[in-house]
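Engineer: Could you have a look at this structure, given as structure tokens, before my questions?
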Amino acid sequence: MSEFILSPEGARRVDARLERAGLLDLTMEEAGRAVADAVQASFPDGPVLVLAGGGANGGDALVVARQLLALGRTVRVLAQPGKHPLTRLNRRRLRAVGGEVRPLQVAALRRAAASAGVLVDGLLGTGFVPPLRPALAELIGALNATRRAGVPVLSIDVPSGVEAASAQEPEPSVRADVTVTLMGLKTALLFGEAATRAGRVTLVPLRVPPGWVREEAFATRPDDAAVAARLPVRTSGAHKGTAGRVWIVGGHPGTVGAAALAGLGALRAGAGLVTVHSLAEVPLVTPELMVQRHVDWDQALPALRAVGLPDAVALGMGLGPEAVRVAREVLTWGIPTVLDADALHPELAGQGHPECLWTPHPGEAARLLGTRTADVTRDPLAAARRLQTLLGGTVVLKGGPSVVASAGALSVSRGGHPGMASGGMGDTLSGILAALLGQGLSAADAGVAGVRLHARAGERAASTHGYGLIATDVSDQLGAAWLDLAADAPPP
Ligand SMILES: NC(=O)C1=CN([C@@H]2O[C@H](COP(=O)(O)OP(=O)(O)OC[C@H]3O[C@@H](n4cnc5c(N)ncnc54)[C@H](O)[C@@H]3O)[C@@H](O)[C@H]2O)[C@@H](O)CC1
């Protein structure tokens, strides 16, 4: 199922609607039951130590405690005074079934943790506003020390102290083994150091009235069925001329491999005919790839245009100092275009068209936005949205995971592998994207499908090569990755 990504404000608005409908209590009950089920599934042994803050995150924790008691678990609860009405109500309910609630203090935490089989962290959720108050900072320090001593931690919604809307390194914050997040994913659970704090993340969508979460979500994470539904489908009469003619414009002495890798990626992503155009000698990576070496771009580009344009072009990979001039000319052709690497220049902002696909990594994104790389990585979703506004068309902000922003849609890719952090991976992606554009996909669909295809091929290749993965390994797995995704496609 595709998943929705909520901001703290969006989650609050859903809460407010639930409250107006008189459903918030039921939703908290469902959330607590789901978290209790997760505790049972992952940590079935030993006493459970539940830590509950004063807000609704603490309310969830008190429901978890009651649900686990009902399942026969030994449960100890340390809680702050309830500020949220439902937190107070659930404290009364817990007591009514014999649950004991003690004040949340560091000494009590250390004592109870010594014999605990698992610790449930319900101190702070999406309502946390940094900086952390000193008393809670001390508690979180004690909680993390308990984990280091061997007691696993399950966090409710987000690890406490993590700012839900930011991927920034949160210090101090809870380090969890498992995070059960509610209704929608949060930025902090997807990107950067914050995500590593969350451990294994599972999303419990909760049965809120249809559409409410979708309406408040600012981004989605499509599942493979949703991605597969965008992939091109061929008829038996397909031939190389109908499967997309792609040009790769790139390469410069010393960086010509980038263009060759893009060409290989395009071929393996199904393009019918691929030609690399370069001023440098292109290595023969595979005989199926056509190459044309040119003397200078001023002569080459008009001549190429005169012979007839391809279905799509990818440019910039290793293209060097002439990239902006070349990109300006190519953009006048008006054909679907991937702009990568040296073609990602602020001077080109506003010169694209709707079928452009811009593929910056965070460093290139920072240069385009006139900001620092750390500002991009702190909130990649916001950065991708700003880039799309600046550049138009579709933007793929590369990373683990990548973000795809097109007019009115923002999505996060699944999967991939850390072994993909090696030179040439981005060139392969540009080739894949151009191949999909050439096969008739819109820039928006090509962005979503191409990024997932690349990640899936990376996962496959990593199972053999691990951190030794190189870009050609990924290209080699593209066909199999496509078949994996197509197996999930809904029937035509
Ligand atoms: N719409 C949803 O997603 C649902 C949300 N629920 C829960 O509700 C949570 C949000 O609840 P709330 O908005 O009440 O907020 P939280 O419970 O996340 O946090 C609010 C509490 O944290 C304290 N706090 C805030 N900043 C602090 C700081 N810097 N230092 C120390 N203490 C600080 C506040 O004083 C308050 O007691 C979610 O994370 C989730 O666990 C669930 O009940 C189910 C439905």
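Note: Cβ is positioned from N, Cα and C throughout, glycine not excepted.
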Engineer: Can you pick which of Gly370, Gly423, Gly424, Gly426 TrEMBL lists for the same AMP site as Lys398, Gly399, Gly400, Pro401, Ser402?
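Structural biologist: Answer per TrEMBL: Gly426.
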Engineer: Asp15, Asp25, Asp121, Asp223: which one does TrEMBL list with Asn57, Ser160 for the K(+) site?
Structural biologist: Asp121
Engineer: Summarise the model confidence on the domain 'YjeF C-terminal' (223-485) as a single mean pLDDT, whole number.
Structural biologist: 95
Engineer: Between Asp157 ((6S)-NADPHX binding site) and Gly400 (AMP binding site), what is the CA-CA distance rounded to a whole number of Å?
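Structural biologist: Cα-Cα distance, Asp157 ((6S)-NADPHX binding site) to Gly400 (AMP binding site): 21 Å.
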Engineer: Can you tell which of the binding-site residues Ala56, Gly59, Asp121, Thr126, Val129 lies nearest to Pro401 (AMP binding site) in space, using Cα positions?
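Structural biologist: Among Ala56, Gly59, Asp121, Thr126, Val129, Thr126.
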Engineer: Using a Cβ-Cβ cut-off under 8 angstroms and a sequence gap of six or more, which residues of the chain neighbour Gly399 (AMP binding site)?
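Structural biologist: Looking at Cβ-Cβ distances below 8 Å from Gly399 (AMP binding site), excluding near sequence neighbours, one finds Phe191, His361, Pro362, Thr377, Pro380.
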Engineer: Test of understanding: give the count of other CB atoms lying within 10 angstroms of the CB of Gly400 (AMP binding site).
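Structural biologist: Excluding its own Cβ, Gly400 (AMP binding site) sees 17 Cβ atoms within 10 Å.
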Engineer: Quick one: give me the count of other CB atoms within 10 A of the CB of Gly426 (AMP binding site).
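Structural biologist: Its Cβ has 25 other Cβ atoms within 10 Å.
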Engineer: Between C-alpha atoms, which of these binding-site residues comes nearest to Ala56 ((6S)-NADPHX binding site): Asp121, Gly400, Gly426?
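Structural biologist: So, of the listed binding-site residues, the one sitting closest to Ala56 ((6S)-NADPHX binding site) is Asp121.
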